[in-house]
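Trainee: Heads up, here are the entries from TrEMBL:
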- B:5-196: domain 'Electron transfer flavoprotein alpha/beta-subunit N-terminal' (DOMAIN)
- B:R212, B:237-238, B:251-255, B:268-275, B:N289: FAD binding site (BINDING)
Amino acid sequence: MNIFVLLKRTFDTEEKIAINNGRIEDDGAEYIINPYDEYAVEEAINIRDEHGGEVTVVTIGDEDAEKQLRTALAMGADQAVLINTEDDLEEGDQFTTVKILEAFFDDREADIILAGNVAIDEASGQVGPRLAERLNMSCVTTITSITIDGDTANIERDVEGDVEKVETSLPLLVTCQQGLNEPRYPSLPGIMKAKKKPLEELEIDDLDLEEDDVEPKTKTIEIFLPPEKQAGKVLEGEMDDQVKELVSLLKTEAKVL
Amino acid sequence: MSKKVLVIGEAREGSLRNVTFEAIAAANIVSDGGEVVGVLCGSGDLEPLGQEMVYYGAEKVVTISNEELKTYTSDGYSQAIQEVIDEESPEGIIMGHTAIGKDLTPKLASRLESGLISDATEVVAEGGNIVFTRPIFSGKAFEKKQITDGLVFATIRPNNIPALERDDSLSGQVVAKDVTISNIRTIIKDVIRKSSDGVDLSEAKVIVAGGRGVKSAEGFEPLTELADVLGGTVGASRGACDAGYCDYSLQIGQTGKVVTPDLYIACGISGAIQHLAGMSNSKIIVAVNKDPEANIFNVADYGIVGDLFDVVPKLIEEIKAMKVNA
Ligand SMILES: Cc1cc2nc3c(=O)[nH]c(=O)nc-3n(C[C@H](O)[C@H](O)[C@H](O)COP(=O)(O)OP(=O)(O)OC[C@H]3O[C@@H](n4cnc5c(N)ncnc54)[C@H](O)[C@@H]3O)c2cc1C
Ligand SMILES: Cc1cc2nc3c(=O)[nH]c(=O)nc-3n(C[C@H](O)[C@H](O)[C@H](O)COP(=O)(O)OP(=O)(O)OC[C@H]3O[C@@H](n4cnc5c(N)ncnc54)[C@H](O)[C@@H]3O)c2cc1C
């Protein structure tokens with residue numbers, strides 16, 4: 001089976017956010033594999049182990065994303081592709097990303113593509129379903145379980161807490177939700193092996209794309225931090241008095257009762 | 001410049017979700033005096049729901065009733081709505097950022113080769129441009145975005161953009177449209193409903209949420225009572241859901257629901273970033289936690305350091321007393 005994972009390199013979940021010159025300050029920030037994409041990598045490896053085939057992890061980004069790709073290889077993916085846009089493109093949005101991925105998948109004959117449900121930084125959740133539409137693949141979002149039998153996939157998906165059971169057929173794109181699995185940590189031998197696994201680097205030129213083809217449809221005009229929250233009031237004193245004070249504050253100061 | 005804007009409505013258990021009305025209000029801003037057209041998919045008689053959208057500001061509503069649209073499938077809905085888009089040629093589309101909105105709108109945008117701004121919490125017209133504000137980095141920052149080319153397409157986060165006042169003197173056309181649905185590639189075999197009595201967390205004004213500190217399913221009882229006296233509903237952290245104290249349909253956060261109530265009372269919740277992503281924009285946050293160092297106190301407006309099993313019953317009594325005195 002020809003299995004692909006879409007992986008985004010994101011800021012570490014715990015990273016503090018600061019703005020410098022109108023941009024998110026990334027100096028010294030720690031980066032991780034987008035957590036929902038870790039579920040995708042784990043599931044891809046499990047599908048391969050059960051059905052055979054290869055797992056290819058794909059990311060669009062710059063050279064620094066090699067680290068996250070190597071981590072996915074160390075977890076057990078077979079090969080990685082870095083589509084490096086650093087020298088060619090300044091701006092991009094979800095339309096851009098999907099245009100590039102569409103071109104990439106043109107001749108790849110994917111049986112299944114696993115993406116994250118959402119990236120924890122920009123968090124649009126668009127890339128998976130957008131790509132499925134371009135590739136004319138059936139698409140199931142926010143999955144928490146998948147079993148494949150021949151060309152048929154039986155899937156459970158999370159719909160605002162309800163569980164929807166669906167059946168569909170390959171080729172297929174799914175987006176992964178928390179609950180799907182517990183991603184493994186790369187093992188030491190895994191890390192050693194990952195260093196020798198193939199990592200292909202492509203530029204948009206290699207995908208027969210030009211800058212104009214991928215021009216974004218949206219633009220960010222400002223980034224700002226939420227208004228600094230005044231330090232909350234932690235109440236003190238006898239518990240009975242604290243509760244009385246709280247109710248009174250909610251009523252007269254916060255005006256929510 | 002005035003525009004024709006399409007609002008994709010959403011019904012649940014026979015009534016429209018509030019976010020549909022909020023989407024009409026947002027569409028009204030985007031349309032700048034142009035026409036707001038609603039579209040609603042489902043089965044059975046949709047005319048009363050279409051009428052309701054008119055009372056909230058849609059000038060025309062296209063309803064598509066079809067057995068194939070009884071439950072949402074992305075193939076079914078996107079086919080039906082695509083036909084309406086082809087017919088109406090809107091210059092804008094607005095929908096709620098709900099499970100259905102998140103699944104459907106990227107596909108439509110991709111098909112239309114258009115931009116899409118997801119999960120907007122504010123929409124304003126600024127000097128001829130429509131500017132959307134949306135949270136990024138789990139709510140740790142915000143960005144203002146605009147569409148630079150083509151269709152003004154966005155989803156809005158529930159409970160952030162106020163709906164217009166319902167006005168049943170408004171009149172508009174409700175048009176039933178027939179659509180042939182073919183090629184649904186995903187078959188829904190079963191839906192296991194977990195949501196409790198139809199309360200839509202994302203639209204609640206008051207939420208009392210419990211975490212791992214609640215310790216058991218029974219531990220949620222005082223929280224439910226507090227929610228009741230406040231006219232609100234109960235939510236939970238992932239910790240509480242994973243521990244089996246409550247159902248995943250109550251989960252709030254990055255993986256669960258994103259809520260913006262007027263009052264959020266977090267009991268026995270530590271305040272992990274993934275939880276904050278789902279509730280930090282609440283208007284007023286109260287934290288009850290026995291650990292004074294818990295991160296939840298960093299986002300709380302008011303905090304009580306203490307045992308929730310002591311604090312919550314006292315709160316219930318105090319609020320009851322306040323109501324009696326009022
Ligand atoms: C050339 C270029 C320039 C860009 N410039 C900027 C910029 O200046 N500022 C800015 O904030 N953003 C920029 N972006 C990123 C872009 O705006 C979005 O972040 C990106 O399209 C992903 O959208 P999202 O973060 O909403 O991901 P979502 O749609 O929420 O992600 C869902 C899933 O899609 C997959 N996915 C998402 N992104 C990628 C990726 N890059 N590679 C592989 N799989 C992916 C993952 O599986 C992920 O879990 C640029 C992108 C490109 C291609
Ligand atoms: C990809 C990903 C997505 C996630 N998505 C979500 C999400 O959507 N929502 C979410 O909530 N989490 C999410 N999480 C999990 C999150 O990281 C935390 O693990 C989770 O929120 C912890 O839940 P909790 O606060 O209930 O439990 P804990 O962190 O265990 O906190 C329990 C708290 O209760 C307090 N306590 C204990 N007893 C009492 C008492 N008697 N009285 C008062 N206080 C008491 C303790 O002091 C402690 O602060 C996600 C994690 C990942 C990796």
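Note that Cβ sites are derived from N, Cα and C of the backbone, with glycine treated the same way.
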Trainee: Using all protein chains shown, find which of the binding-site residues B:I269, B:A272 scores highest when you count other CB atoms within 10 A of its CB.
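Mentor: Within the set of binding-site residues, the most crowded position is B:I269.
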Trainee: Taking DSSP as the reference, which of helix, strand or coil describes B:H275 (FAD binding site)?
Mentor: helix
Trainee: Under 8 Å Cβ-Cβ to anything in chain A: which of these binding-site residues pass, B:R212, B:Q254, B:I269, B:A272, B:H275?
Mentor: B:Q254
Trainee: Can you name the residues of this chain that are 6 or more positions from B:R212 (FAD binding site) yet have a C-beta less than 8 Å from its C-beta?
Mentor: B:S237, B:G239, B:A240, B:A243, B:Y245, B:G268, B:I269, B:S270
Trainee: In the structure shown, with every protein chain counted, which of the binding-site residues B:Q251, B:Q254 has the densest set of Cβ atoms within 10 angstroms of its Cβ?
Mentor: B:Q251
Trainee: Indicate whether B:R212 (FAD binding site) is helix, strand or coil by DSSP.
Mentor: helix
Trainee: Identify, in sequence order, the residues in the chain of B:H275 (FAD binding site) that are 6 or more apart from it along the sequence and have a CB within less than 8 Å of its CB; answer 'none' if there are none.
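Mentor: Residues satisfying the criterion: B:G211, B:S237, B:R238, B:I252, B:G253, B:Q254, B:I269.
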Trainee: Any idea what the model's mean pLDDT is for the domain 'Electron transfer flavoprotein alpha/beta-subunit N-terminal' (B:5-196)?
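Mentor: The average pLDDT of the model in the domain 'Electron transfer flavoprotein alpha/beta-subunit N-terminal' (B:5-196) works out to 96.
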Trainee: Can you see whether DSSP assigns B:I269 (FAD binding site) to helix, strand or coil?
Mentor: coil
